[in-house]
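Colleague: The structure is given below, and queries will be raised subsequently.
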C-alpha cells in the first residue's frame, strides 16, 4: 500500500516500504493518511512524480525506530510517517505527528536516493521491474523541465497490490528449483570424481606403481585439481555468477575470445563424455551377460542414454533426486569394499586376497612396472579419475548462492575424494598380492625357495612370473569385487559411478552450451539459447547432447577420442587458473573476490601444471586441443562480438597503456622518433571520409590520430550525447580507422579548436600536427567564419603545431547526401562555420518538430551530377591508387614535414606503386647544381625519388588574365579606404578586420604574384599527379588580412588534383644521423 497526497496526479512522492520476508506479526491495517496535511510542497519541484522505495530488514524492526527527527525548513509540514505491518508481509505507512521517522532520504524533500542493492543489479528487482537511481540530469538540471512526462518515474515499482498478485501467481505456478551447496555442488562433484576408475583401475595402478608412487600420483592430481578449485572459488566469489559454469567464469574473466573458444569445446567434451560413461556402463552389463558382441554394447548404450535423457528432461529436481540415489549406492559400494578388506577367507586366498599383512604392504609399496608402462603412463590413466571438479560450477545458474556453494562444495569434494582414493590405494596394496593363480593347490613346497609375500602366507605363485595368471592386483580388474563383503554391490557401484557421471555430463553440456548461445558468440547457434519451464531448461540443448552422445555410442570405440576429452577438460582448468593470475596481475579495482585463500603465482603454477599434464597424458591430443582452441580464438577475435564484460584483458591493456604512457613522459623527444600525430578537424567521422582516409593512410599503426569535432549546438539530452560519442567511435572502429573521436562544445570554430589544440592528448601521445579541410565555400558564407578559419591556423602555429590542409576540387563534406540505412545521421548545418560540421546527431526514428527537420537525401534518392561526383571523390583514397606520382613541391624548408608525409604514404600498399617527384625553386643558371644538392640531401635522408625538377622560371610574372581573375576575386573584400573618410575607414576596418587595404595589396604584391604563378606551374607540371604535397604559404599574423590570405590559398590550389598544403613548425623531423 502506498500513501500519496490529496492530489495523486500531482504527487511529488510515493513511498513504499517492502518487507523482504513475511515475518512481521499480523495485525489490522491502519487507515492510510495523506502525506501532507496542508498539501504543501516546494512549488518548483511539483511537476515531476517520483517514488522512493525502501527495503526493510524484518530483523531491524526489533531494534526500534530511529528517534524523532525535528522538522527542517525545506520539508513539508507533515513529513513524519509511522510503520505498521499486516499479515501480507508488507509494511504500510501512515502520517503521524507522534513519530517523525522519515522514509525519505534523511528526511529531506528530495528525490536523491540512499544506497540500495537493487540499484546495482543488472537484472530485474525481486518483484519484477528493475530499480534505477535518479539520474544526474534529474537531480542537476534546471527545474523548468519535466523529468518524466508519462508512465512511472525512474526506478518506480508496481504498487504493493500488483507485487502481491505477481508473487502469488508465481507461487501458484511453482517457483524455480534452486540447490544448496551440498545437493548442488558437493554431491555432483563427488559423483563425477568417483568414477568407474575407482573400482576397475585403482587396483591395477597400485600393482604397477606401488603404494608409494600411487599416493604420489593421487597427490599430484589432487594438487592440480585443488589449485583449480581455489581459482574457481576466487572467480566465483568475485561477483554474481550466472549459468554457464566454466564458460561463464572464463569468458567474464578473460573475455569472449578465450571464453567462447573454451566454452564450445567444454560443452562438446561433456557431450562426448556422456558417451564414454554410457559405453563403460554398457560394457560392464555385456560382460555380466557373458556376451562379447559390439552390437549389444550399442543396444544397451542406446537404451541407457534414452533413460538418462528422460530423467534430465523431467527437470533438475528429478535429476538431483536420481543423483542422490546413485550417491547412496556408490557410498554403500565403497563402504562394502572396506568392510570386506577386514574379512579375509580361505576361499579367496588362492586369488590373492589375504587380508592386511605387513609383508604384502612392504612388497607392494615399491613400483613394478610391466608391459612397457611408466610412471607418467600410469599417471595419464589415473588423472581422468580426478576430473569432474566443475560439475557443480556447470549448473551455477541453478544454485541458490553460487558464491558460497561453489567454493565450499568443490573444495570439500576434492578433499573427500582425494582421501578416498588414497585409502583405497593403501587398503588394496596391503591385503592383495600382485599375482595369483586362483588354484588352491599352489601351496608352498618345502623344495621350492620362495621369498614373496604370498610364500610367507603359504602360497607359491612364482609360476605367474612366466605370465598367464588371471588374479591379483596386476591381472584382475574386478579384484575389488573379490575383496568386498558383498560382490554384487561393487557391480552396483560401478553402475552408479558410470551413470552418475553420464547424468552429470548430460546436464552440464546443455547448460554450458545454452549460456554460450545466449551471449551470441557464434552467430547461427541462437536457437539453442531458448529455455523452457520454470527452470529455463535447455531442452534443445538436451536433444543436441543426446544426438552427439548417441553418435559416439554407436561408434562404440572411444580409445582415440578419450584422450582428447581429458585434454579439453584440462584446457578449461588451465584457463581458469590463468584467469585468476591475469585478473590479479591487472590489479583492476573490480577484482575483489570474497574468497581470500588464493595466490596469483600459485594459480599460474596451476595453469602450467595443467598444460604439462595435457602433454603427459597424450602429446598429440594436447596439440589437437591447442590448435582447436587457437582456431576458435582467432575466429571469435575476427568476428569481434559486441559484448563488454569488463574482462581482465581490458584491465591489463589499460595498465600497460598507462605504464607505457608514463614511461614515455620521462623520455626526451628525438628527431629520429618523430611521428606526425594528427589532430583532424573533421566533424562527424562519416561527414568527410576522404580527409580521414588520407590521414589514416600515413598514421595507421605509426602515430596518433584524433578525429576532433567542434560542436556549437548543445543537445539537451545527456544520453543522446553519450550515444552520439559511442556511435562515432564505433564508426571509426568499423571502418578500421585507427583514431580517437574527440568532440568539444564551443561558440565557434576558433574557440573550439583552441580547446582541442591545448587539451587533447596524454603525455607524449599528444598531437603535433593540425589537419583541416579546405574551406571550398568560403566566398559564399559569412566572412566571420573565414576570420575564425584563418585565425585557427595562426593559433596552431602559435602553439608550435604543424598545419596540413587538404583540398579536393569537388569538396569534402558529404553529410547532406549520406544515408546510414535504418539509422540516419541528420547533419544540421550551422551558418557560423561550414568548415567544421556544426550539427546535432539525431536518431532516424526520433520524432522532430517540423522546424528542426533538415532536408536529407538518402542513398535511394536520385542524386545530382555534382553530388555524384562528390561521393566518388570522397572514396578516392579508400582504393588502391595504382601507378602514378606523388608530386612534392618542397619550396620552403619547414623542418621536413612536407617530405615526410609523402614518404609515409608510399610505405602503404595503397600508395606503394606511386613514385615521388620532387619540385624545388631555383635559378636558371644553377639548375644542375640545385638538382645535385637536393639529390644528395634526399639520399642522405634515405628517401627514394624518381625525379627532381628545379623550377628556374618560378619568378616569371604570371599571365595577365590570371592576374585579372585574382583582382576580381579580392574585389568584394577590399576596404577601399581612398573612397571614404579616414575615420569611417578605420571604423569599418575595426568592425570587419578581414577587409583588404590598398597598402596591404601593394606591400604583398610580389607574394600575390608568386601564388598566381605557382598555380600556373602546378597545372603545367602536376595536372596528372595522384596527389600534390606542397609547402603552404605563410601569412604574417596581424599584417595580412584573413581575406587576402584566403584568396592566396584559393588561387594557389584551384583547378588541381588532390592537393595537400603542408607547413611544419620549422623544427627538424628528418635527420641523416644514425
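Start at 1 and count along the chain as shown; that gives each residue its number.
Every residue gets a Cβ built from N, Cα and C, even glycine.
Just so you know, TrEMBL annotations are computer predictions that nobody has curated.
Residues or ranges marked as region 'Disordered' in TrEMBL: 1-47, 61-93. Look at TrEMBL and you will find 1-13, 78-93 tagged as compositional bias 'Polar residues'. Sequence annotations record features per position, and here TrEMBL assigns compositional bias 'Low complexity' to 21-36. As annotated by TrEMBL, domain 'Amino acid permease N-terminal' applies to 95-146. As annotated by TrEMBL, domain 'Amino acid permease/ SLC12A' applies to 184-679. The annotation transmembrane segment is assigned in TrEMBL to 185-205, 211-237, 258-279, 299-317, 324-343, 375-397, 409-428, 482-506, 542-562, 568-585, 597-615. Annotation source TrEMBL lists domain 'SLC12A transporter C-terminal' at 688-820, 864-1074.
Could you give the neighbours, burial and distances for every feature on this list?
Modeller: Taking Cβ pairs closer than 8 Å, the transmembrane segment (185-205) reaches residues 179, 214, 217, 277, 280, 284, 323-324, 326-327, 330, 333-334, 378, 381-382, 384-389, 391-393, 395, 399, 405-406, 408-410, 412-414, 416-417, 420-421, 424-425, 428, 432, 473-474, 476-480, 490, 493-494, 497-498, 500-501, 504-505 in its own chain, all 6 or more past its ends.
Below 8 angstroms of C-beta separation, residues 205, 249, 252-253, 361, 364-367, 375, 378-379, 382-383, 385-387, 389-390, 393, 396, 402-404, 406-407, 410-411, 414, 418, 421-422, 425-426, 429-430, 573, 576-577, 579-580, 583, 593-595, 597-598, 602-603, 605-606, 609-610, 613 of the same chain, each at least six residues beyond the ends of the transmembrane segment (211-237), sit close to that stretch.
If you look at the transmembrane segment (409-428), the same-chain residues 6 or more away from its ends with a CB under 8 A from one of its CBs are 181-182, 184-186, 188-190, 193-194, 198, 202-203, 205-206, 211, 214-215, 218-219, 222, 225-226, 229-230, 232-233, 334, 337-338, 341, 385-386, 389-390, 392-393, 473, 479-480, 483.
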Colleague: Going along the chain, which residues at least six beyond the ends of the transmembrane segment (597-615) come within the CB cut-off of under 8 Å?
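Modeller: For the transmembrane segment (597-615), the list is 223-224, 227-228, 230-231, 233-234, 383, 567, 570-571, 573-575, 577-578, 580-581, 584-585, 621-622, 625.
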Colleague: Between the transmembrane segment (375-397) and the transmembrane segment (568-585), are there three or more CB pairs that fall under 8 A, provided the residues in each pair are separated by 6 or more in sequence?
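Modeller: Stretch pair touches.
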Colleague: Could you give the mean pLDDT over the domain 'Amino acid permease/ SLC12A' (184-679), rounded to a whole number?
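Modeller: Taking every residue in the domain 'Amino acid permease/ SLC12A' (184-679) and averaging pLDDT yields 85.
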Colleague: What same-chain residues lie close to the transmembrane segment (375-397): Cβ under 8 Å, and 6 or more beyond its ends?
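Modeller: Tertiary neighbours of the transmembrane segment (375-397) are 179, 181, 184-186, 188-189, 191-193, 195, 197-198, 201-202, 205, 208-209, 213, 217-218, 220-222, 224-225, 228-229, 232, 236, 241-246, 248-249, 270, 316, 367, 369, 405-406, 409-410, 413-414, 417-418, 421, 501, 504, 507-508, 511-512, 515, 536, 562, 566, 569-570, 572-573, 613, 616-618.
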